[in-house]
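Comments concern the structure below.
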Amino acid sequence: MTDPQAALLMLGMFIFIILLGFPIAFTLMAMGVAFGYYAYFQPDQAFFDNRVFYLFTQNTFSVMNNDTLVAVPLFLFMGYVIERANILDRLFHSLQVALRVVPGSMAVAALITCALFATATGIVGAVVTLMGLLALPAMLKAGYDQRLSTGVICAGGTLGILIPPSIMLIVYGATSAVSVVKLYAAAILPGFLLAGLYMVYVVTRVAINPSLAPKLPKEQTDIPWTRVVVMLLQAFFPLAVLIVSVLGAILFGLATPTEAAAVGAMGGLALAAAYRALTWIRLREAVYLTARTSAMVCYLFVGSWTFSSVFSYLGGEALVKDFVLGLDLDTVTFLILSQVIIFLLGWPLEWSEIIIIFVPIFLPLLPHFGVDPMFFGILVAMNLQTSFLTPPMAMSAYYLKGVAPPFVQLWTIFRGCLPFLSMVFLTMVLMYVFPQIVTWLPDLFYGN
Amino acid sequence: MINRVLRGVDQLSKSVGHAFAWCILILTLGTSYEVFVRYVLNNPTSWAFDMSYMLYGALFIMAGAYTLSRNGHVRGDVIFRLWPPRVQGSIELVLYFLFFFPGVVSLMVAGWGYAADAYRIQEVSVNSPIGVPVWPLKMLIPVAGFLLTLQGVAEVMRCILCIRDGSWPQRLHDVEEIESALQHQQEDEARQRRGEPAEGAK
Amino acid sequence: GKKEEPAKSGAAPAAAPAVAVKPSTVTFKMQGAWGAKDIFNEMAEEYVKRVNEMAEGRLRIDYLTAGAVVKPFEVMDAVNKGVLDAGHHVPVYWYGKSKVASLFGSGPINGCDAQQTLAWIYRGGGFDLYNELLKKLELDVVGYFCMPMPTQPLGWFKKPVTSAADMVGLKYRTVGLAADLMQEMGLKVTQLPGGEIVPAMERGVIDAFEFNNPTSDMRFGAQDVAKNYMMGSFHQAMEFFEIIFNRKKHDALPKDLQAILRYGAEAASASNWWTAMDNYSRDLDELANVHKVNVIRTPKSIFEAQLKAWDVVSKRLSDEDPFFKKVVESQRAWSKRVARYWFINDADFKLGYEHIHGKLGF
Ligand code: NA
Ligand code: NA
């Protein structure tokens, strides 16, 4: 067996083993060590003298002193603190009242609540679950269509991984060496475009077919405007201001993403204190959950970097490159092909595994097709919206099903997600046809 | 006996994980302080950069075993979750020996040499002129490897118990993500409505 | 006295017996410390090409860019332990192990430029001191030096600086002993990951930064965030590449292949320098003419302030570490003779330039 063949075997075996359900980070480490042992094998060497053990340790340390990833636990912490700040119900309620004249006001309010809350916390599961308990029963009680109600919550809650400040983009930055700041600038318009399309879709459908979202009874919406303004001031604006200031500080270069995340976490603590939700127990919970989720993401990096070091040492990277270049694809075909592969990977896998493990296979190919890694990253981030919505691992749908009233079928939720999936694809096509959607803001801030 | 060892290891991983988790609070405060002195007083510190990645690195590496004890490392378990517990336990038992111990044991053994080298030459960070020593951070690698190995042994015991009893043993109680906490709550309420006893956190 | 070359591969590949059996190819994996777009990769490949052509069929170096196996700052450890067979980087990347490492490329100024400092390494005892340092740190590598880098610019500024006082309090990004130096001069040295320099510069996280040379700087996008490029500085005025090999791997090679690795570095040194002259000058013109960058000669008063700051830094480090002192003194003894010769003999080339092309204006 030649070395590059060993590398291919390694990749093939990994894809098979990943499906057995063992924790992926450790699978990657063990496979990296095993194949690396083969790559570095010297017959006259004692067992532990094999170089792969040292390589593994070096890669571990490289993850530990990676300055991009420092922002990950900080943003997670900010998210967990805000998540526990008792803000979601106020937020939803205030938006619902403020939007009462819009067709399908509850659905639009749910969408905005999901998007805003998910953006602030970056945690999809929490917002979908909480909204499933809070907004879904209210919508169903008001006679809203099941598919529309569930689709809005699943799709809206997933937006948080795309709209900055997003942890997914930090992880892509650490993987691709693209500046996180530029990625944030690049993701804003596509994120808003997608959210806007969702909203237009909901309003249009309800306008065409009002039976999907009956108007609320008068006594529920008859609240004076002054009261509405106070509600918004209390619930909507503090969170919006926090997000805007964290993002602004990064985009205007006032702070690095890490610094902005730290200040954002402080802001989250202040917000929680203002809502009288900052108890010792909640703080402790946020701290412990931050540690667990950080470990989950960063151990994946330890495994992946070890795996890919051995993969390229064996010549696997060069082999993949030669193979793809040998196909003689044009740029469009390459982009479509890569996005289809990522979409398919999103069925069984989640964004973290895809970005940390599979996206690096595409990255070395980008220069040959003249694709900007920043643009590619935003396409991937957009594409990975679908990974939460497509079975069999449709996490958003599962979270919602777990808390939804029993008569809401999983199948209904999947079908509710479908129109939103098609809007993700539409946005990707728009991004390809009008790349300015992605490049305009980064050029404006950091361009010539 | 097996249960006591299991609980002891779980408890150790949890305690270490909880202790290092507080790094996040120091990281938040320290970095915010740096932002303040840089922008308001125009006088950045020379230690903030090294501090930031050291706290972050310590935080995640030492939470590895704790996360494992909570079954918190991400899996591609589409197929896995369809199998009955006994099959899950048997497969997992084998996989622990194939895909877990080789990695974490080498982390422990090789990590020791790596950290000892740094200690011997008193290696400092290349990032700032003040010369922050890096060996304490490197020393956490073998420690994390050791804790992971220990936790791996506990997980193997869990597999054995699962094969014996036909169901996964309960894990220690700990903080849960909102989504899982709420879902468990829902399940319990549903059970109560059906008149079955509530089950604790899985 | 005539000093022979450092006596490592003493025995020449004298009488290699006629090879009857076709030997199999030995492959060395070399990784650079340079990002994919950096011109330094092309320079590393110039070395690789020379070795591969001379050792055709018997030794082949496979070159990998930064991060393929390990991160840039991990190259020394990786080669030491045999994770990589070879590496292409600069000693300042491992100065966390000992600040003395920085003296083999980015240290206190004594009158020698990079070319003459490289001569110190190969003819002035520097190589022995380098090997002494490797031994002290138990680094099991064989290292060669090549490509005396042109002086690295003071860097990119939002407003031109006219004196050392102008620089006090600036938030400045650099690396290695240069950080010690700039801190000593009253700048606020800030460490930033390479990818964040440009965006951070735009609105104030840093006020200025240095990288390496017009080509690398331009490819990196420096001209997008600052329009004043201060040329000339004493912070990194005599750097060169360090090409390292795992010693066991290196020593297991037949003597003639070892010689190819060694003399290949000498050959690449010249080739790299030619490549630098061609590219750096052309890209400096492009920066000025296309990107409208204000290219400014650093004023003499800043050089003077840097010398004073180097005095403080080098005294402090010499007091802390006798070996640091020993290396600095060896360099000083060398420069006293060599640089003096150079100055007394060197033609006034600037005069010649101005005679042909007109006044330079600095
Ligand atoms: Na999916
Ligand atoms: Na430099």
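In case you wondered, yes, glycine gets a Cβ from its N, Cα and C as well.
For A:7-40 (among others), the entry in TrEMBL reads transmembrane segment.
For A:11-437, the entry in TrEMBL reads domain 'TRAP C4-dicarboxylate transport system permease DctM subunit'.
As annotated by TrEMBL, transmembrane segment applies to A:68-85 (among others).
Same-chain residues lying 6+ beyond the ends of the transmembrane segment (A:97-118) with a Cβ under 8 Å from its Cβ atoms: 82, 87-88, 91, 124, 127-128, 130-131, 135, 138-139, 142, 144, 148-149, 152-153, 155-161, 163, 195, 198-199, 202-203, 205-207, 210, 212-213, 216, 221, 223, 228, 231-232, 236, 239-240, 243. Among the features that TrEMBL reports, transmembrane segment is placed at A:97-118 (among others).
Using a Cβ-Cβ cut-off under 8 Å and counting only residues 6 or more beyond its ends in the same chain, the transmembrane segment (A:152-172) has close neighbours at 68-69, 71-72, 75-76, 107, 110-115, 117-124, 127-128, 131-132, 135-136, 178, 180, 183-184, 187-188, 190-192, 194-195, 198, 202, 243, 246-247, 250, 257, 260-261, 264, 297, 351-352, 355-356, 359, 377, 380-382, 384-385, 388-389, 394, 396-397, 399-400, 413, 416-417, 420. For A:152-172 (among others), the entry in TrEMBL reads transmembrane segment.
Sequence-remote contacts of a segment are chain residues at least 6 beyond its ends whose Cβ falls under 8 Å from one of its Cβ atoms, and for the transmembrane segment (A:184-208) they are 102-104, 107-108, 111-112, 115, 148, 152, 155-156, 159, 162-166, 169, 247, 250-251, 257, 374-375, 377-378, 381-382, 385, 419-420, 423-424, 426-427, 430-431, 437-442, 444-446. Sequence annotations record features per position, and here TrEMBL assigns transmembrane segment to A:184-208 (among others).
Per TrEMBL, the feature transmembrane segment maps to A:229-254 (among others).
Residues 71, 74-75, 77-79, 81-82, 84-87, 120, 165, 238-239, 242, 245-247, 249-250, 254 of the same chain lie 6+ residues outside the transmembrane segment (A:260-281) yet bring a C-beta within less than 8 angstroms of a C-beta in it. For A:260-281 (among others), the entry in TrEMBL reads transmembrane segment.
Look at TrEMBL and you will find A:293-314 (among others) tagged as transmembrane segment. For the transmembrane segment (A:293-314), same-chain residues at least 6 beyond its ends with a Cβ under 8 Å from one of its own Cβ atoms are 3-4, 6-7, 10-11, 14, 24-29, 31-33, 35-36, 39, 52, 55-56, 59-60, 62-63, 66, 69, 72-73, 76, 167, 171, 174, 352-353, 356-357, 360.
If you look up TrEMBL, you'll see A:334-363 (among others) marked as transmembrane segment.
Here TrEMBL flags A:412-434 (among others) as transmembrane segment.
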Other parts of the chain folded back onto the transmembrane segment (A:7-40), taken as Cβ under 8 Å at six or more residues beyond its ends: 1, 50-53, 55-56, 296, 299-300, 302-304, 306-307, 309-311, 313-317, 319, 348-349, 353, 357
Residues of the parent chain within Cβ reach of the transmembrane segment (A:334-363), under 8 Å, 6 or more residues beyond its termini: 18-19, 24, 28, 161, 168, 171-172, 175-176, 296-297, 300-301, 304, 307-308, 317, 320, 324, 369, 371, 373, 376, 379-380, 383-384, 386-388, 390-393, 395, 428, 432
Confidence summary (mean pLDDT) of the domain 'TRAP C4-dicarboxylate transport system permease DctM subunit' (A:11-437): 88
